[in-house]
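A.B. asks: Below are the structure tokens for one structure; questions will follow.
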Ligand SMILES: Nc1ncnc2c1ncn2[C@@H]1O[C@H](COP(=O)(O)OP(=O)(O)OP(=O)(O)O)[C@@H](O)[C@H]1O
Ligand SMILES: CC(C)(CO)[C@@H](O)C(=O)NCCC(=O)O
Ligand SMILES: [K+]
């Protein structure tokens, strides 16, 4: 069994899979290295033979996580690194090392699955879109604040926007104009995300007509599902790319 980690800005997504057949033994989402070790160790009969990591955190934080993994499970983690070209995809950044590894791996995974032009929309702490043409050329993409950042900016920079998580969740049962602060903010931010997703779709149409695949991933993907009904929702798209970048056996 191997441990796979997608280390985002706010959360670490983890899963344990059997290498031979990729059957998933367990998984979860945690907000600290310590919680990660506790959850993985709690998985019955976990015997890890390897670990692969994609991280958008600093080198120091990523190294510290690798050390924690080595200590807890006696495996040396493989960390995915930037590449100019991989699996038929050519990195579109002027400086390929600057492209976020989560974006790069999601693009690799998407092109591998689509076998043609594709648009990846990844909604996490940040909202990201990336474009890969049919010949594998990564055209670049867009980065915007995601739902958590939009919400916290409003809370931070206003005096009178204050509400709790439970009422935030209740507010999203509809997207009608809000009749309370929590409804107005939560629904407004969801409409921003949906607008982001629709605009990316327009860009893809302008580039490729109807001949492309749209992928939707990230923790907040469900919030825009209806706005882009043609999208394939693939929550583990980054893991698909991670397996390609860091093969283990
Ligand atoms: N079980 C969950 N735990 C935490 N967040 C969740 C969960 N399910 C959905 N979410 C949503 O996912 C969002 C975070 O998404 P994600 O985990 O993809 O972010 P991230 O990887 O930390 O950020 P980024 O990819 O931008 O670095 C939060 O806004 C939250 O609303
Ligand atoms: C945009 C984020 C923060 C999203 O996780 C990540 O992909 C990242 O740190 N990227 C580096 C900057 C860039 O991709 O241009
Ligand atoms: K991520």
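Placement of Cβ uses the backbone N, Cα and C atoms for every residue, glycine included.
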A.B. asks: Based on TrEMBL, name the residue from 125, 156 that is recorded for the same ATP site as 6, 7, 8, 9, 10, 11, 12, 13.
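C.D. replies: When TrEMBL describes the ATP site, the candidate it includes is 125.
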A.B. asks: Please report how many Å separate the Cα atom of residue 6 (ATP binding site) from that of residue 103 (substrate binding site), as a whole number.
C.D. replies: 11
A.B. asks: Got a sec? Which of 8, 12, 93, 101, 102, the recorded positions, have CB under 6 Å of any ligand 3 atom?
C.D. replies: 8, 102
A.B. asks: Which number gives the other C-beta atoms within 10 angstroms of the C-beta of residue 12 (ATP binding site), all protein chains shown included?
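C.D. replies: I get 21 for this one.
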A.B. asks: Look up residue 93 (substrate binding site) in the DSSP assignment and report helix, strand or coil.
C.D. replies: coil
A.B. asks: Please give the greatest C-alpha separation between any two of the substrate-binding residues 93, 100, 101, 102, 103, 181, in angstrom, as a whole number.
C.D. replies: 40
A.B. asks: Do you know which of the binding-site residues 10, 12, 93, 125 end up with C-beta under 6 Å from ligand 1?
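C.D. replies: Once distances to ligand 1 are taken from each Cβ, 10, 125 fall under 6 Å.
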